[in-house]
Structures are given as C-alpha cells and as structure tokens.
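Pulled these from TrEMBL:
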- 50-68: transmembrane segment (TRANSMEM)
- 305-477: domain 'SSD' (DOMAIN)
- 306-324: transmembrane segment (TRANSMEM)
- 336-359: transmembrane segment (TRANSMEM)
- 418-443: transmembrane segment (TRANSMEM)
- 455-477: transmembrane segment (TRANSMEM)
- 545-588: region 'Disordered' (REGION)
- 572-588: compositional bias 'Low complexity' (COMPBIAS)
- 610-631: transmembrane segment (TRANSMEM)
- 863-886: transmembrane segment (TRANSMEM)
- 893-917: transmembrane segment (TRANSMEM)
- 923-947: transmembrane segment (TRANSMEM)
- 968-987: transmembrane segment (TRANSMEM)
- 993-1020: transmembrane segment (TRANSMEM)
- 1024-1090: region 'Disordered' (REGION)
- 1033-1044: compositional bias 'Gly residues' (COMPBIAS)
- 1045-1065: compositional bias 'Low complexity' (COMPBIAS)
Amino acid sequence: MAEDGSASGNSCTACASRCTTGYDRAISGVQRRLNWSTGAIGALVARRPVLLVVLSILAAAAAAAGWARFSIENATDKLWVPQHSQAMKDRNWVTGNYASGGGGSQVLGSLLPNRQAAYSKNALQLPVFWELFQVDAAVRAINVSSGGRTYTWQDVCETDFDGNCKYSGPLNLWSMNFTNYLADVNGSATDPTVGNRGALIQDVNKARFPDGSSISTLSLFGGIVLSPLPSPQPGQPPFFMSSAQLIALDYNLRGGLGDVETKWYDAFLDELKAWAAPGGTNYTALAYIAGNSVSNEIGRSVTNDLYLIVISVAIFILVAVMGLSRWDPVGTRSSLALLGVVSAVLAMVAGYGLSLLFGCPFNTLSQTLPYVLLGLSIDCMFILVKAYDGIVAAPASSSSSSSSSSSSSSSLESRFRALMSSAGSSVVVTLLASAVAFALGAISELPAVQWFSVYATMGVICILIATLTFFTGVFVLNERRIARNRLDCCCCVTSGAPPQPSAATNYLEPRGDASGGGAAAAGGGGGGDGPVLKAVVVEMPAVGQSWGPPVQQDGPRRSGGALAESVEKPQPAAAPSSPSPPSASASAAEEHNLMKALFARYYAPLLTRWWVKAAVLAVFIGWAVLAGVGIPRLKAGQPLSELAPDDSYLQDYVTVTGDTFQQQIGSPTRLYFRWLDPSAPQQQAAMLSTLGQTLDNRFVNSTISAFQGNWLIDFIEWVQSAHPNVTLVPLPGCTNPYLGRVTGDLGAFVRPQNLSGCVPQPVFYPLLQQFLSTHRGYLDDLLWSHSVGPGGAPQPTAVWSSRMPLVHTAPGDDGAYGRDLIRSIDRLTGDINDDIFAADNARAPGDVFFMYNGNYIYDEGDAILGAMTMEYVLLAVAGVGVVLTLTLPSLRAVALMMLAVGLVDYFLFGQMFILNIRFNQVSIINMIMATGLSVDYAVYFAQRFVAVTADGTRNGRMVMAMTDTGSAVFMGGLTALLGTIPLAFSTSTILRIFFSLIFGTICFALLVGLMLMPVIFSLVGPPPPRQQAPPGSGAGASGSGSGAGTTTTTVVRPSSSASGKDGASAGAGGADGGNCSQTSRSATGAGDPV
C-alpha cells in the first residue's frame, strides 16, 4: 500500500512537473514572438521615425473625426438607470397608457433668517402667504415663444378633464385667487402684515379644497407641528396644524411640449432667481427646482471645472519635464517629456473620437478620465526612458568590451530594437491587461459606467499605439539630436561642448548584423543566429552595503524579454570577494538615474530585512481588516447635493427638504391593475386585498396613504350611501383596507368607513358612470375599452386598467433606503401576482399587478450596485489573469498579480469607510480605474522578477527587479498623483469625492506594487528562470539550439560580506551563507571575449 501511495505521489509530481514545463515552454514561445514583434517595431521606428510620427498623427486625426458626433448626456435617467430593468419597462407602460404631465417645478417658501426669531421659524404667517401669491402671479405670467407662437401658462399647464389647470398647492385653498385670500383673512393689498392670522390657520387646516378634492397636508407643508384643540367638536380631529417650516407650491406641465417645456423651465428659473435674490422678498426665503434642474446642474459640473483639466495637464508636463531633465543642455530630455504629454493628448483625442463614433455621449465621468490616461501614458514614458538609459549604460561602463561587440549595441536601431523587445513588450502586456480591465466594466447595466468603460478602453488602446509609434518616434529623433550635439531647447543650435559619450555612433545596424542582432535583442527565434550577452558578472552586496548604479554589460540577454541582468561592477571571472569602487562611467549613470540609485541603494535592500517585511505585512493586514469591518457599514445612494456644484441653487433646495419633507413623508406611488375588469365582486375583493397587503409593507405609510383618494373605496362608499337599495356582495376581502391601519395623531384626521361588501356586477358600470360624473378627478385613474357608438363616436364600455395612490415612508437619512425599498416592493409584487392574480396572469400578456413611481428606476440602479461591483471585480481579476497567463511564464506570479489587482479594489472600501464616502455609481467608476491602475503599477515588477536570476535567492531577485523598475513606476505614479490634485478644488462635490477616491486608488496601487508585492515575492515568489541546459553541456544557454556558435557565460557571485546578521540579505545565497554560483555556457566560437 505504501509503495502504491508513493508511486501515485511520484506520478502526480511528475505530471505536475511536465505540465509546468509545458506551460513554461509555451509561454516562453509566446513571449519570444511578442518580444520579436515589439523589437521589430522598435527597429522600424528607429529607421523611419518621421514617417511613423506623421502616420500616428494622421491616424489620430482620422479617429478624431468621431468628435463630429459630440453630444453631452446629462439626463439622470439615461446615465444612472438600468435601461432594461423592470422599473423602466413599467415606466414605459405607464407613460404610454396613462395621462401624465411633462414634468414639473416647485417653489418652497420659508422664513428669511432675519425673520425666524420673530416668528419662531413658523412659516404660517400672513406676510409669507402674501408674498407667495406675488411669486405665484409672476410664475403664471411667464410667456415663452417657439415656432412663431407665444405660449402662456394656460397653454403649458397640466389640465383636468374640464380643460382647467390643475393646482394642488396651498394657494388653491383660495382657488389661486389673491383677492379671495385677502377677503378671507381680512388682509391688505399693500401691507402684507395686515389680516386675521386665526382665519389663516383655520383655512390651512381644511380637509378639502374648494373643488372638493382632498388635501394631502404633509405634501404641502413641511416641518409641521400639531397642537391639541382646546374643545374639539364631535367628529372633529382633536389636533390642528399650528406651525410649519415650509410651504410648497407645485407647477405641473402637460406632456408633449417639446422645446417649449425647456424654455418654460429656463424662464421659471430666471424668474425665481430674481425673486430669491437679496431684496426680492422681505419675509420669505425661496428655494426652487425645475424639471430640468438636475440635468442642467450636472452639466454645469462638467463645464465649470474644465479649467482644472488645463491645470492638470500643466502639472503633468511640469513633473514629466522635471523627471527627464538634466543640467546638460544637450543630454536633457525636457522636450521629450513635453512630447510624451503630447503623445498622451493625441491618444486621448483619438480614443474619445472613437468612443463618440461608437455612440457613447460625453458626460461627467468622461471628464475625469484624462487624469487616469495621462498617468498611464506618463508611466509608460518613464518606463521606456529608464530602460533605454540602462541599455546605453551597459557598453559605456564596460571597459573590457571589444569595439566589434559594442558597435552594434551603439547603433540607434539596435538600441531601440533591444528597448522595445524588452521594456516595450512589458508596456504592451501591461496596457493590454489594463484595457481588458477597463473593457470588462462594459458589463454594467448602468449606461454611464458602460460609456466610461468604452472611453477608458479606447483611450488605453490609443495610448498603446501612440507609445509604440509617436512617442518612440520622437524618442528616436531626440536621441539623434543628442548624437549631433544639438541643444534640447533649440535643436538647430549645435553645442560647443564635447558630444555625449553615450550617444549612438551610428543610427542603423549594419545590414549583415540586422537580423542576427535583432533576434538576439528580441530574445527570440529558434536559431540563435546572433550575438547575445557575452559575460555577466553580478555581485550582490550585503544588506546595508551601498549599491552602485546597476548597468548592463553588453546588451540585452535572452530571458523572456526582460532587460539583461544588471551588473553592479564589471569583474573578471576570478573577482575578489569585496566590491570595488564604481567607475567614472558608472558615476555618470548614477547622476542621470538618481531615483534609480535611491531604489537600488536604500529602498530595495531595506525591503529584504525581516522586520520591515513583518511591518509591511502587518500594516496591509490591518488595513484589510479595516476594509472588511467598513464594508457592511458603508452608506449607499447618490444624494442630489453631490451632483450639483457648490454654488447651485439646488443646494438650498436639498437643505430645506432634507430637514422637513424628507423626514416626514416619502414619495407618492401607485398600485396598477391592468388587463383586469373590476366589475366582478371577486375582482374588487382581490384589488382591495392587494391594497391591504401593500399597506402592511414596511415602506408604505398607511396613515398618510389614507389621505389620498381611492376610486374603488370611495365608489363603494358612495354606493352604500347614495344607493341603499343596492345589495352589496359580502365577499372575503370586500372591506376597507384602511380600517385598523391608520394610527398616530394624523390618524385622527382620517376616519375610514366600513364597507359592507362589493358592488354587484350588473349595476357596476351604470353606477360607476354616475359616480364619475360627480368625482371627475378619478377619471385619470381609469382606462376604458371603447365601442363604436351612434354616429361613430367611441363609447366607454369597460375598465381594463386602474390605479390607486399610496405614499411611502419617509427616507430620513438612510442611504440604503431606495435599495431596500425596491427589493421589498419587488418581493411584494411577486407574491401578490403569484397568490392573488395567478389565474389572471395566466390569461394576461404580463403581470396584472405592479407598483410604480418615478424613483423606482433609480432605486433599481442602487439595488444592483453591490452585485455588479462584485461581478466586475471578479471578472476583471480573471481577465487580467488570462492576459498575464499568456505572457508571464509563471503561474505563481500570475496568481500574485491577480491578488494585487483585487487588493487595490478591496482597500478602497477602507478609505470610503474612513472618509464617510457613500457607495454609489461613482464608487463603481473608481473600482474600474483601480483595477486598471493596479495592473500598471504591479506588473512591471513581476515581469522583471520572473526574468532575473541574480544570486538565485528571492531577496536578491526582488532587489534587482525593484532596482530596474521601481523608480520608473514611482515617477509615473507620482506624476499621476500630482496631476489629480486640481480636482480637490472643484466646485462639484462629486468631483471632489472622485479626487479622494482616485488619489487613494493611485496610492494603494503604488503601495501594493512597490511595497506589498515585493515583500510577498521575496517570501513566496516563483523560482528563478530554468536553465535550458546544465553547465558544460554545450547546449545554448538561451534555448537557441545550434546556431552561430556564440558564447554566453553568466556568473552570479555573492559578496564576501553578503551574509547579513539579520539573516536576510540582498546578496545572500540562501541558507548556505551565500556560497552560490551559477554558470551556464554554450559552445563558443574562437575569438569571442568572455
């Protein structure tokens, strides 16, 4: 048995080894082809830089043609609403069948601050109503012109069945007539303070308007106070409304007005701005909102802060120029930095143009994307420039290199072939992974998120193309300028100083060496037909020992496309155990790569110490715990105050409603019954039972709902009282649902009557016609089927759809209110359709019963945010993993990169919890950006770690990988951080929140990529690259097979002092105290220097 188990275990191990080897070979093949391709692009650009630059500009101009379709989308129901949700379907059905207005505006009146002390914040004052009548007269006097016609209020207002404008505000207590008001309160037309306030209080406590329609007190007055009556009359409520902080005037427009509606809204806002200005009123503070206010103010958030983008671009330029500038007027690359930003701008113009061409409108979120795209582009620029400096430094610092071996390396074409086959391929992989992460955001059901993902994906792809063509082309031209010893600020002027010693001596490779050198530089091909790295001696310092600038000896080595391994100092084969001082050329390289030297000397070795690793892991674990604690405590929702600029008039509206109406009453909603004839008593019972179940829902205020008129209940009550000879059918459910469900002080104002049964079917329609003749307000709640009557006129025959009003509970300050409400309503409607209307649903084309109000479409968007975020993060992590699996020859490294991507998103929740940032659509956008940025800041290190061997230990490989990539990634991240700072000064709360999140995203991405991942890789990172053949076997060291007969020797030797007393050292050889030496050789040809 033991032998069988041992054999089985050995078999599994052998199988796993074969699978790993097969994966390594397959991915190495893919990577060689990628390296060869990018190297060929680099060589092409080096030969024809002007052509590639011109072609890239022309391509960007062609893509920019999409700007002809530029449009701005600010409508919230187009940005933040799932377009195929059930609520949207219900809305389309309701608006297509029931009469509905085109929108509305509202004026809220309260006491001015300087009057509040005298009146105790009670707006139920004579001068307040007096001034509200003046404002009302000005609003109803608005005239707008369109199409050669002038439209008055009577032409645009929502009308009843008699053609009269509908009014539901408190001024309708006096039939919207100022004269009636003055007569009722004994007031004065010139002095607003004159009159009988007692009569005013008596009027505002009436139960019905003069036309007989019911009054919803809590919808008209905010912040009310009920006081007991001294001696209530029999049948009279024992309370009365003695105080209110807010008075609401509503103005509803009819539908189908088109641009007339927009013009009326604009005129309304202009009129109210004048009245709300200082001196407009003496007693009344006015807050207001129009039907297009939210869309307009969101649009103003876009246009108000456009100048911040200009400032950000200036910061990006400044930081980029500082990062690439030198004191040498010839060797500096200030103009290259400027052109790098130009490359990013070209890419953004092209990416936005393609997105617009695909039908994605511009919106607020599109405004935030340039900060991310500029950061990615500048990061790529720093990566390429730093890598190029490493390639240049190799032959410059190698005194033993022969002229024949360095001549090819000194050519500009070979340098850019080597650059693009190594760092260029890394840029391609990283940007492709970022593009996949952004593209997966298109799975969102929210159009704003979908469009943002399209803009981001197109932008990243265009950055990739621009980097490979435009930026690389201007990079080549810049190096040609340096070789010609011309000034950076004025390329026409030649410097009198000696030329740069590291400048390319010739631009193009000799034709005989082009193919071979290219293959070697690219690390690809099966023939090995070209020169490769002749000798590399790497001596790793002990912890705390100073590092010189890492340089390459002869050129790029075949190691999966990464740059050739860094050399601390060129040493002969029998080098002494202690490092020697750096050469002069190395000092020059150090001057030009100060940030790289800091990473090599201090930061990377510091991360090898055990106590630093422990501290890093402890901090990140602590933040992860904080994020886990904070996730269930995050507030949800998108408050209106965050969508509008700080100086918007909507801020006053949000403030006054938040303290009054939002605390006392929820939004009105309706129950809809369709494809249901209510004439049968059984159907009436079913409808009343449905109403009863709905009133029991925790998000429905049954007491406030009782104030709303219900056509079926009022109809049955009318039949009971007006037609006592009609015998009602006493079926279960034929009772008043409000009985026993009306509570509290307000319940005293409503006295539900008992119903003895339902109306018999034979007399239902004749009696309903009589009822509606005196209760015409209910005509809006019924839809009739018609038959052709005498003379061809349509005659109503039967009701096929009806509705009943309800009112939701007040949302208060609960950010998750909308999300929880829609989920509860969905469950309720599903249960009712399954239990009460199962038979009717079987015959109908859809659900017979549903509930709807205008907020449901937004609530459904909030309800899916959590699941949508989780779905996106998982898919994005998987997508990034797939891209990296195809290009990174280590499954362990791929898994760690997927962990890095997920952690950045996860850590953002901790920041949101600490800063009290709501979880909403803006959060989703930042999750998408966090995924893309975390890839950019972590993958470069992982690619380098997998490629290098160093001393064979994880610590040594981590130090080398950080030395080669850390400074470039840090500079790119720092540039992005500084570039986003102008957003902190935005006038829009949503953009300031975006700044907080994007700033945190960049910080977390940098910390994970430059701190956490290096520590984790140094502990559990993948093993070093496999040698293709054992030493002395005669096989090609780089898997090239037999070919030109080149020699490759790699010696990795630790310093004699490499075994640090802390037990972890950058140059330590492992547990054996640092005695580690690796050598790989291939068959050599005569005369090759080693």
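Each residue, glycine too, has its Cβ placed from N, Cα and C.
No curator has checked TrEMBL annotations; they are predicted automatically.
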Return the average pLDDT for the domain 'SSD' (305-477) as a whole number.
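In the predicted model, the domain 'SSD' (305-477) has a mean pLDDT of 85.
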Under 8 Å, at least three CB pairs between the transmembrane segment (418-443) and the transmembrane segment (50-68) (pairs 6 or more apart)?
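No; fewer than 3 Cβ pairs under 8 Å.
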Of the listed stretches 50-68, 455-477, 610-631, 893-917, which one has the most C-beta pairs under 8 A with the transmembrane segment (993-1020)?
893-917
Which listed range (50-68, 336-359, 610-631, 863-886, 923-947) shows the maximal number of Cβ pairs under 8 Å with respect to the transmembrane segment (455-477)?
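By the under-8 Å Cβ criterion, the transmembrane segment (455-477) pairs most with 336-359.
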If we skip the immediate neighbours and take only residues 6+ beyond the ends of the transmembrane segment (50-68), which ones have a Cβ under 8 Å from one of its Cβ atoms?
44, 346-347, 349-358, 462, 465-466, 469-470, 472-474, 477
Other than its close neighbours in sequence, what residues sit by the transmembrane segment (923-947), given a CB gap under 8 Å and a spacing of at least six beyond its ends?
365, 368, 372, 375-376, 379, 383, 426, 429-431, 433-435, 437-438, 441, 444, 446, 448-449, 452-453, 456, 460, 559-563, 865, 868-869, 872-873, 876-877, 880, 884, 888-890, 893, 896-897, 900-901, 903-905, 908, 912, 917, 957-958, 960-962, 964-966, 968-969, 972-973, 976, 994, 997-998, 1001-1002, 1004-1006, 1008-1010, 1013-1014, 1017, 1021-1022, 1025
In terms of Cβ proximity under 8 Å, which residues at least six beyond the ends of the transmembrane segment (610-631) contact it?
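Apart from its flanks, the transmembrane segment (610-631) reaches 903, 906-910, 912-914, 1007, 1011-1012, 1015, 1018-1019, 1062-1064.
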